[in-house]
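Okay, so here's the structure we're looking at.
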Amino acid sequence: MEIVGQLQKQYVDFITSLFREAYLDDQYVQLQKLQDDSNPEFVVEVVSIFFEDSEKLLNDLASSLQQQVVDFKKVDGYVHQFKGSSSSVGAQRVKNACVDFKNFCEEKNLDGCLRFLNLVKQEFYLVKNKLETLLRLEQQILQAGGMVPPLE
Amino acid sequence: MAKNVVFSRLRRLGKNERFDDDLSSSCDSDEVHVLAVDDSFVDRKVIERLLKITSCKVTVVDSGMRALQFLGLDEEQSSVGFDGLKVDLIITDYCMPGMTGYELLKKLKGSSTFREIPVVIMSSENILTRIDRCLEEGAEDFIVKPVKLSDVERLKNYMFGEGRTKSQGRGSNKRKLQETSSSPSPTSSTSPEPSSDLSSISSPSTPRSPTSLDSPSKRYKTSHHD
């Protein structure tokens, strides 16, 4: 029973599904290209920053939408940031949800905003979960002495 | 001033990076020095890595103000004290709180000391009027985010054309940008000027629109935005 081989297959199957289901897009591949022996933790680092950033943005979004008088420009600003960072890590579904969210901000549609805040939150936690699983798999492969199969 | 410099340098120290002590060695090495400006933490991390992997020295700051501070521009100093930290390219995000990338661009192009430094704008939004405005103001290029390795590799042409007496002339990539528009751009491609040269040839006097919407792929896709 070859552990490394199994783990690698698991990894490939999993990451393929993530691309297929649009959780991740090409930008994630780009990030992988930036990782090498001199920077073996690059993806983990970026993704960690993304997670932290996003939690903060979600909080900011929630509180700004709870105000008596909602400042939609401010909300839009937060969504814009979220859209940017999710795009930069390749979190496609999150990014797409942010695009739609922005439309509701522009229309000053509170209902729409609240709905989309929930959607963005959902998508974020989904991709967070998936990325954590993915990165864990990578770790396991490396620890078992194998190499992480390159993407594409 | 020196304090600002050290502060800025320390900001960009990543734990994984070898720290060449470029504080003491001047930039007469072949490495280009890029100043990257972005308010997003994620994007700063990515752009820094993108630039380093293309063999650039990088200083990353989180705002236009800090960029100006780093350059010494806000204190209206000449760049004489900053020779060792000469910047060969500035790459900045467009949408930033406080000072936008566009405003930063204007300030830079309005400075006799810094107008020679090529400036590249990044934006998540592919808005033609925005791109136009930036190019008219003197930006070398406009990159639509998310930034990829191929985008940064392309930028090396600007960096070597400006402050280095190497290879390509400055106009080469601008030509690519405006393939289908009239060619002789007011900026000559035959004389790569060192960035401290005060003769200003960099600011285009005629508005240039990126009519070559097909090249390079992602950058100028026609957008239905206004």
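Positions of Cβ are set from backbone N, Cα and C atoms, glycine also.
Database features (TrEMBL):
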COMPBIAS  B:179-215  compositional bias 'Low complexity'
DOMAIN    B:33-160  domain 'Response regulatory'
MOD_RES   B:Asp93  4-aspartylphosphate
REGION    B:160-226  region 'Disordered'
Exercise. Please report the number of other Cβ atoms within 10 Å of the Cβ of the residue listed as '4-aspartylphosphate'.
Key: 27
Quiz item: DSSP three-state call for B:Asp93 (4-aspartylphosphate): helix, strand or coil?
Solution: strand
